[in-house]
Amino acid sequence: MALRVPLWRRFMPLVLLVILAIVVGVTNWAYQKYSVQPKKAEQDCYVDGACQSANGTQFIQGHLAEYPDGLGIAASFSTIDTQSGKITYRFAINALGKFSGNLGNVTLYAADTIKKFDVTSLLPSLDVVVSGDGDPSTYPFDKYEAAFIVFAADGPVNSATSKSIPLGFNFYGLVGSYYANADVLQILNEADGQFFYQVTLTVGRSVTTRFFSIVTGIIMWGLTLAYGLVSTDIRYKGRKLEVPFVALGAALLFALPNIRNAAPNTPPIGTQMDMATLFFAIVVIGGCLIVNIFRAVYEYAPPAAKPAEKSPDLPKFGNMAPGKFAEQPSRYGAEELVPIITADAPIMR
């Protein structure tokens, strides 16, 4: 009779394929949604942005007017050091109008970075490092915020002839496992010819990074509970403890930290996610492993020795002919007849 397979087991491969398709679909959707793209589309002309007219002329869109002379800045998020809170942006400068090919007297100030251009600067660029505030222990939901001042001066800043230059920003907001948002605010009156800008940054983990971290935590919980429950079942039901099962616990104990570190740009161990997953796994699996090792050593017994086979005393029966009677000493001291049975001799009853 054929073994009957439950219906839910028949559909289990299909269910797993559906789950895999959902995971792949969500991951691709999130990547497409938060892929590397400008925070605001370049074709949309917005205030404090670098724009382009219908005839191809570039200008800076201010709050009160359009400025053909200025600096267009393409600001791309580069990286972040979550331990020090340092956020790095890459500024690519595009000089417009009278400043095109004539940046010899221009100085750009961005946070703690000061860039003095020379007459040979055509499309200069610089890295701007800003200190942000954030708590890496909340990984993967940690966010970092920073604000800094940006302005450019034509001529020495402290001189009476120095003038601030209109700036237009285009921000690009995602690199790999992070996303970054930026907002620009003009902090001085444009009507007085003062162009000073405050840039506010918000940097956090991307959707794919959060999803990967959560799935990793679920896997850790599943492996931990599985090993702990099986160890308890073996112990209290008196089942035999196999050596490979003990080795499995040791392998899990060293593999789980590597699984955790496989997530992109993970901070050092000690986050709140680690307390809920990794530390829990180490305590449970480590405790079960210690008990299993002591139990395996205590219950270990060498295999019993195989008893030696007893060989017959052939010289004692050497003079007997097959199928004949031989006289053998009885244990009672008397002589008695002992039949020797062979294949060609009848059995005496």
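Heads up, the Cβ atoms here are built off N, Cα and C, so glycines get one too.
Feature annotation from TrEMBL assigns transmembrane segment to 12-31 (among others).
Summarising the annotation, TrEMBL assigns transmembrane segment to 211-229 (among others).
Residues or ranges marked as transmembrane segment by TrEMBL: 241-259 (among others). Sequence-distant contacts of the transmembrane segment (241-259) (same chain, six or more residues past either end, CB-CB distance under 8 Å): 216, 219-220, 223-224, 227, 230-231, 234, 269, 278, 281-282, 285-286, 288-289, 292-293, 295-296, 299.
The feature transmembrane segment is assigned by TrEMBL to 279-298 (among others).
If you look at the transmembrane segment (12-31), the same-chain residues 6 or more away from its ends with a CB under 8 A from one of its CBs are 206-208, 211.
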